[in-house]
Amino acid sequence: MAKHKLSKGQQRRVRENHQRRLKKQDNKPEMDDNQLGEPQEGLVISRFGQHADVEAEDGSTQRCNIRRTIRSLVTGDRVVWRPSLQTQADVKVNGIVEAVHERTSVLTRPDYYDGIKPIAANIDQIVIVSAILPELSLNIIDRYLVACETLGIEPLIVLNKIDLLDEESRAWVNEIMSTYHNIGYRVLKLSSHTGEGMEELTKMLAGRITIFAGQSGVGKSSLLNTLLPEDEEEILVNQVSDVSGLGQHTTTASRLYHFPHGGDVIDSPGVREFGLWHLTSEQVTQGFVEFRDYLGGCKFRDCKHRDDPACALRKAVEDNEINQERFENYHRILDSMDQIKPRKTFTDNDS
């Protein structure tokens, strides 16, 4: 059934009601200083509207209000919070977040209408999970790598389900993955079913905050259920996010989980995909790390690296210095960006 478009009058009333709700929220009194204990360090485990779950220094999780002066708060933020000395009658709140430490990185999601939204903070690495089944898509891997380069977050390419490969197929996969290894990316081949490669993955996760990304069906849930404690496995059966946008998600808030052997993972269902359509063509070009040595070497400054004469990138492809399929995926990404025009112009201030 088609949805009726709201009239201008209905749209105005929706906006007015929204503003009234915001004003009502703003009029709610915050906790007085005499109701609060001493400042403590904490880690945001999850964010729910005007509240956040904060992990205290003793390992306990405390539901906290958020100071109105805090402009942005997301899962993974390191904060200063103060415990409540009194319990509010209407909401079980144990404290208030007073300040947010400077972030080392921020994972953002481009929104078609509202600009760039922060989803998680202080991410150390993004694990790009792929598999030979349902399909080994190098185009999707390359899209994730461009996103990682733009965000400044280190990627780790993980090829799952290698137990399904025979000797000949393994040789073929090794040749494909060598392309990424040769340009400086970490590549790990494993099987969450047989356990092959899992010990090495555990070591690479230790001491770091990680996001798992990958198209539907590559085994992200199986990997996380193998890595996480049993009491958190059931949570992730339905909660693990599909960052590729090719599958469904059921959770509404990002959440941080601890690996028993060290390190953390943030499940971010708010990110269906690493949308690239908000990037400039120059940012996408810079996202292909092996291109960088050749940029500026083209005959024309506005070279599109297609049929332009004396193109340094195309010459590098012809000389086998740049992988042909990576070069083709680069143009596929640019072509896909031209098909989507956001309602909002993106600026650095959006993040």
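Just so you know, glycine gets a Cβ as well, placed from its N, Cα and C.
Now, the feature entries from Swiss-Prot:
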| type | residues | note |
| --- | --- | --- |
| REGION | 1-37 | region 'Disordered' |
| COMPBIAS | 1-12 | compositional bias 'Basic residues' |
| COMPBIAS | 13-31 | compositional bias 'Basic and acidic residues' |
| DOMAIN | 112-274 | domain 'CP-type G' |
| BINDING | ASN160, LYS161, ILE162, ASP163, GLY214, GLN215, SER216, GLY217, VAL218, GLY219, LYS220, SER221, SER222 | GTP binding site |
| BINDING | CYS298, CYS303, HIS305, CYS311 | Zn(2+) binding site |
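Feature map: Swiss-Prot annotations on the structure.
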residue : record              : Cβ contacts under 8 Å, 6 or more apart
ASN160  : GTP binding site    : VAL129, SER130, ALA131, LEU190, SER191, SER192, VAL218, GLY219, SER222, LEU223
ILE162  : GTP binding site    : ILE132, ARG170, VAL173, LYS189, LEU190, SER191, GLU196, GLY197
CYS298  : Zn(2+) binding site : HIS305, ASP308, ALA310, CYS311, ALA312, LEU313
CYS303  : Zn(2+) binding site : CYS311, ALA312, LEU313
C-beta crowding around SER216 (GTP binding site), within 10 angstroms: 14
HIS305 (Zn(2+) binding site) CB neighbourhood, other CB atoms within 10 A: 20
Confidence summary (mean pLDDT) of the domain 'CP-type G' (112-274): 84
Cβ neighbour count within 10 Å of VAL218 (GTP binding site): 30
Cα-Cα distance, maximum over ASN160, LYS161, ILE162, ASP163, GLY214, GLN215, SER216, GLY217, VAL218, GLY219, LYS220, SER221, SER222, record's GTP binders, Å: 19
Sparsest Cβ surroundings (other CB atoms within 10 Å) among the binding-site residues GLY214, LYS220, SER222, CYS311: SER222
